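Chemist: First, the structure itself, so that you have it in front of you.
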Amino acid sequence: MTVPTDVDKVSILGKESIHCGFHLIPYIVDTVVKTLPSSTYVLITDTNVAGFHLPAFESEFDQAISKLPAQGRPRFLSLVIPPGETSKSREGKANIEDFLLLHRCTRDTVILALGGGVIGDLVGFVAATFMRGVRFVQIPTTLLAMVDSSVGGKTAIDTPLGKNLIGAFWQPEYIFIDAAFLETLPAREFSNGMAEVVKTAAIWNEDEFIALESRSAALFSAIQTPSANFAGRTKSTRSAAQELLLSVIVGSISVKAHIVTVDERETGLRNLVNFGHTIGHAIEAVLTPSMLHGECVSIGMILEAEVARSMGILGQVGVGRLNRCLKAYNLPVSLNDPRITSLPASKLLTVDRLLDIMRVDKKNSGAQKKIVILSRIGKTYEEKATNVSDEIIAKTLADAVRVVPGTPSKNPVRMATPGSKSISNRVLLLAALGTGTCRLKNLLHSDDTQVMMSALMDLKGASFAWEDGGETLVVKGGGGSLSVPPPGKEIYLGNAGTAARFLTTVCTLVQQASGDATTESAKTTVITGNARMKQRPIGPLVTALRANGSSIDYLENEGCLPLSIAPNGFKGGRVQLAASVSSQYVSSILLCAPYAREEVTLELTGGQVISQPYIDMTIAMMKSFGIEVVREKDADGKLLDVYRIPKGTYKNPEAYSIESDASSATYPLAVAAITGTTCTIENIGSESLQGDARFAKEVLERMGCKVVQTATETTVTGPPKGQLKAPGYIDMEPMTDAFLTASVLAAVAAGPGSVEGNVTRIEGIANQRVKECNRIKAMIDQLAKFGVETKELDDGLEIYGKHISELKQGASVHCYDDHRVAMAFSVLATVVGGTVLEEKRCVEKTWPNWWDDLENKIGIKVEGVELASTVESSASPSGTLEKDPKASVVILGMRGSGKTFIGELAASTLGWPFVDADVYFTEKHQTGVREYVHQNGWPSFRTAETEILKELLSTYPSGHVISLGGGIVETPEARDVLKQYAKKGPVVHIVREVDEVVKYLGEETSRPAYGEPVTDVFRRREPWFLECSNYEFVNYTGVLTSPNGHADTAGGVANGEDYLAGKPLSSVRDEVARFFGHITGQKPNLASNLAKDTRSYFLSLTYPDVTPSLPHIEELTTGVDAVELRVDLLRSPKDIGGFTTYVPPAAYVAEQLAALRRKTTLPIVFTVRTASQGGSFPDGDEKAAFELFNLAVRTGIEYIDVEISWSEKRIKDLSARKGHSQIIASWHDWSGKMKWNSAEVKEKYDTAARLGDIVKIVGKANSLEDNFTLYEFVSKMRAAADSKPFIAINMGVEGQMSRILNSSFSPVTHPLLPSRAAPGQLSFVQIQTALHLIGQLPARRFFIFGNPIAHSMSPTLHNSGFEALGLPYKYEIFETSEVGEEIRAAIASPDFGGASVTIPFKLDIIPLLDALSPEAEAIGAVNTIIPQTKNGSHMLYGDNTDWIGIRESILSRLPSSIKKPEAALIIGAGGTSRAAIYALQNLGVARIYLFNRTRSSAQALVDAFPNAHIELVDELGKWPDDGPAPSVIISTVPASATSVESSSEGLYLPSAIFAPEGGVVIDMAYKPAMTPLLTLAASTPSGKKWNAVKGVEVLLEQGYRQFELWTGRRCPRKVVAQKVWEKYNA
């Protein structure tokens, strides 16, 4: 029996083959079986859809087929394929065809495509070609497929060169649109489809578009409300929401069906459905799969509408309506949308890249690009795509513009500016709060008004509709009835300051609904904004409202958004408000006051009221809506700043016409003034409500312009070009926003009649410092780029005008995302060549089509410019500053924490100068800090200290290390300076135990005592240090890692134990070099092997406390590239016990990190593994997890493992702050059910690739085959050109093969560890052994070439290392008399792995090599040969590691008192001396003394290294020009040639060469161990301060480097050194 079903049928190509309804599965099967007889029905779907709908289809087909005669009864087959675009390929098509052939499908087969666009396109193409064409049926399950891809017969697959490039037109027999399928569709996918619905209405039917504009909430409701019991299948059971949804779908399909019927093969009319697709497809090609098709088309529609606007065809009303409609469906409308900018691929969205992609477009005719051009909503310019030049497209896509100087070609200009922003925002609020319907004309179509409308809709305060093609907004007021938005919904205001201030009071009007629990956090209204909005002040308004009884909480920073506002109503009565910052506070309370419970008397306090004209505007507009405000007077009739507002309800007038924006009008008027032309602005005159309407009379007229102003018009004619005059003083308090326009005119105001010095002094504009940016600072900074001098005043600025010809051309103006900055400087650009305005889109706030109007209505040409990169300057406090890689490092911390010691070491390792703020202070004030405080007191010192801070940051903005005093954080002003600097550069907090600080301060005398306990000072400052810094360096003294709680001072060094006692100075230097090199980006401490075709590993530490492992850390980390700290497995000593899940205290984690850093500079992988993914961290405690991740970022951790199951918002926020560290985005499935070839894994991979720098997916193997499936998946993912490192492994014994084959960051264990981090984990050595056995790590032979070399230590050194790492390598002695055929044959052998070269072949070997390192070339000798493969070619590379052995020996033993050696001595002038010179030069030694008995040989070295500052020494112990004594001494002569006896024939070594300060002495001779030089050093009075280095130790250091060059692995130093010393001493 047929199930009763109501369907709407749509005709296409003369056949009613599109059937639309709800719950159609029985109807579909019945229709197909009855009307499309076949021997085989094949349903093809994907894994996503199959779970929802395949069983129902199988059941219905089984029933339908069973009713047919047994003779010739058809088969029903189903095939489920992986979802996503990867299936829509040649391979995917072939797999389906193989399935059909395998099942003996014939030409009468009917194929059903059940799924989204991918399934429809792919299966349709299969149907078009299988057996030369078989019948098929489209059953789309996504809205996008329903309204777009399923209709029209286009079928295709993708290729690596582009989407849909191979396909056919093949019409389906039926298209079944079952809208009930949308109930299982994610909201994002529904929005994705709505892009096509909006597109269709925009090109064809304005009435449909109007419906879409106002009914987004109802449409979302239709898919979010499940229809029980097949409701909707018949019309009688359909809800209103279902009727609406179906009508929208049918309407959209009907349009496309009509177009396809007229133009099936897309020769003309059918092009129209590609509106938004020309640019949208190009965007999609770059961003897929992260962004969906509809999302990219949405942006494409806006950009193509802007192209039409640029051509003068479409007005801004059309662009604005389209923008608002798409936003209503949660679609992106700009490439600056955070959903796009957060994607790494967004950096590839360059103008050239997009234009290049657009060239391969099926619509194009040759090189000419075709775009569908709108003329208005519902109508296109042509009934086909229009040819558009690249220049116009590029101008639209570009992020900046260049204004071409010239005389306006439209002179005299007559135009109207957009509606006033101030009036638009006020009237929207008045009409929404009022009763009745009001029609608003000339409303500003901009970001600001859109924000206000959206917020009022979120509060359910009014409804909005459009008339007259979008020219009129119909507002149905709510009479003051407002509701709290649903839980989780925040009102986002962007950077709309007016909306933020008005809505703060509006939200207090919200009343709690009866019966609601007021304690629920969801029952407050949260208003928030972008980073800059969160810094703009709102404190005075909140203070006033709180005092009146409103409950308002700051959610982040005091005095700024975001706010949480409780729905308690507005009490009213007497309200006091500080109004010296913004008149918008006053207007906010005025506008809402009629709805207070008591009549409001508003008293303004705090001095002069800012921008009184805007307050007057508000009062006048309130009167238009029926509420009359009374301003009180004193006994003498003088107006007071006290206002009485009666209770009442606004009565909406039938219509309200909004004045043009007077602030915006200043720009075209200023263009006339600066170019000597005429401009008339309509709808702005002497009767305007806006203060800026006075600009023409009070500013331009005084500058020499002729001004004619009627009640409703203003006309300005400028003087001849170049003759504007500087007017002197201008009070712009009544028109503050117009000061930017006045400033750019003042820059060229130097004509006849100017005041002396061509000065324009603008005052009354202090509030402009807290607008979209600090506008006063912005104007000063940007005018300076033109060579214009200015002076900042407390209340404004002075500009010193110049003649136009004197201004600098080619300036690139940074606009701070401020519309007024951009438009003001566009005026100046009309007379100054080459001016580029960055961030062109910021004008969308008030005049979105300014650049088009400047060209089309004024007649000044505008060109698009693509900026390579931009960095905001300091005037912008928006919080979005990009970090300068050379930004100076600022160091702060408690006095005694080691700031100077660490800072000087950091400066030395970075090669940057060190600046001590105390020393700087003393030099500037000519008195020490202690004396200054004694004479002037602490407050005076803090003020002076803050000025020093500002001066240091201004004087040394880059390439310096600046150490500050401990109390710099005591004042709010200094803290603000530091927080602002931390947005663009590193501010490092040096952390040290307070007990050690107390101990140090008891001995320190250079600064005054605190006058309070040090511990109290520490506790007070600690949160401030945290607040002001973005990094912290843990300078613990070693107590953490000692077994009995006492610092292990072994290896401590003179003058260094104060700071890191117990830590050998070499490791102090290493850790400082690692930390500061990493956080600055000068040398990020990342694993170099983490690249394609190179294997990399990390050791997983599983200790609850890592400190017992530290003595063995070198052995544990043998061969690995990083060490993983399993943070979730850590247990604080007080918490040792049977925890199932556990959150380790952040302080304990920090201690563990500090302890680990004490012993290794390997990159750390910071892992917090949740219980559900195999760890012990609680799954639900996201807040605690990200507090730990933030700790990792602050401490300079290199890799942070973040599970993708955490909220994407938090992950993206972490990623934005990670600096040079990297995110490992991970997913672990322990169930054993995860299949590597499933859609789920691909989805997890895509998510991880989008969120992380490295992808990690871990499954569980049930069989050996699971590892091969994994390997195949990994190979496919890595084949992509932009693929990221991918860690892919299977757990369990069965998964061990995957660990062997994995090449990126394989987690390994070690026999010494207490347990494996995961089942099946292998050690590094085990993996190397396995790789060798399966042929992935072939045996290699290494040699030492030289003569005589029989007793060389090198074989012991390298073979010990190979054995420790499990490498199948062998190092052999290869002694020959010359570099001949034997050596040639050895280095040409396929198994040649590398060679050491020693005397006498270091020069002779060079002709056999293909290339030399810069070091080998400079030293003139090769001691290492490395075989390399580049671009498929085998080559031999020569290097020299002798100098590294010398450098590392110096660095590891240099006393802490010597940050960088000032002078060094080399004894001897042989080949090794060249390496010594190179090492010292690399260390930055300023003076290198060279002694050799044969002076000519020494002079030859001086000539060979002209930049090394070498000075010849005639007598040891006497230094040229009384220079400093050397702190490094290197002897390169045989030990037998030296003597400590002056009477000896050997080279006499006097004790005078050893300075009392100490240093490092190196003797390059191997034997004896204690040479005369080293023996002499030990016997001198300062011997304890001289650290001796034996020749064999240098050999070891250079050998370690050789080992790493050959193997790509760090040499296991401990075991190698032990073996070498055993042989050496034997």
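Using the three backbone atoms N, Cα and C, a Cβ is placed for every residue, glycine included.
Annotations in TrEMBL come from automatic prediction, not curation.
Below are the features listed in TrEMBL for this protein:
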- 1-390: region '3-dehydroquinate synthase' (REGION)
- 79-191: domain '3-dehydroquinate synthase N-terminal' (DOMAIN)
- Glu266: active site, proton acceptor (ACT_SITE)
- His281: active site, proton acceptor (ACT_SITE)
- 416-854: domain 'Enolpyruvate transferase' (DOMAIN)
- Gly893, Met894, Arg895, Gly896, Ser897, Gly898, Lys899, Thr900: ATP binding site (BINDING)
- His1228: active site, proton acceptor (ACT_SITE)
- 1339-1626: region 'Shikimate dehydrogenase' (REGION)
- 1462-1513: domain 'Quinate/shikimate 5-dehydrogenase/glutamyl-tRNA reductase' (DOMAIN)
- 1591-1619: domain 'SDH C-terminal' (DOMAIN)
Chemist: Hey, how far is Arg895 (ATP binding site) from His1228 (active site, proton acceptor), Cα to Cα, in Å?
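Modeler: Pair distance, Cα basis, whole Å: 46 Å.
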Chemist: Out of His281, Arg895, Lys899, His1228, which has the highest number of nearby Cβ atoms, where nearby means within 10 Å of its Cβ, if these are the recorded positions?
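Modeler: Selected residue: Lys899.
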Chemist: Out of Gly893, Gly896, Gly898, which has the highest number of nearby Cβ atoms, where nearby means within 10 Å of its Cβ, if these are the binding-site residues?
Modeler: Gly893
Chemist: Name the residue among the binding-site residues Ser897, Thr900 whose Cβ has the smallest number of other Cβ atoms within 10 Å.
Modeler: Thr900
Chemist: What's the CA to CA span in angstrom from Met894 (ATP binding site) over to His1228 (active site, proton acceptor)?
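Modeler: Distance (Cα to Cα, whole Å): 43 Å.
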Chemist: I'm trying to understand the geometry here, so how far is the Cα atom of His1228 (active site, proton acceptor) from the Cα atom of Ser897 (ATP binding site), in Å to the nearest whole number?
Modeler: 42
Chemist: Could you tell me the mean pLDDT over the domain 'SDH C-terminal' (1591-1619), as a whole number?
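Modeler: A mean pLDDT of 94 is what the predicted model shows over the domain 'SDH C-terminal' (1591-1619).
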Chemist: Could you tell me how many residues in the domain '3-dehydroquinate synthase N-terminal' (79-191) are helical, how many are strand and how many are coil under DSSP?
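Modeler: Residue counts for the domain '3-dehydroquinate synthase N-terminal' (79-191) by secondary structure: 50 helix, 34 strand, 29 coil.
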Chemist: Could you state the whole-number distance in Å separating the C-alpha atoms of Lys899 (ATP binding site) and His281 (active site, proton acceptor)?
Modeler: 54
Chemist: Looking at the binding-site residues Gly893, Gly896, Ser897, Gly898, whose Cα is closest in space to that of His281 (active site, proton acceptor)?
Modeler: Gly893
Chemist: Reported in the order helix, strand, coil, what are the DSSP residue counts of the domain 'SDH C-terminal' (1591-1619)?
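Modeler: Its residues divide into 24 helix, 0 strand, 5 coil.
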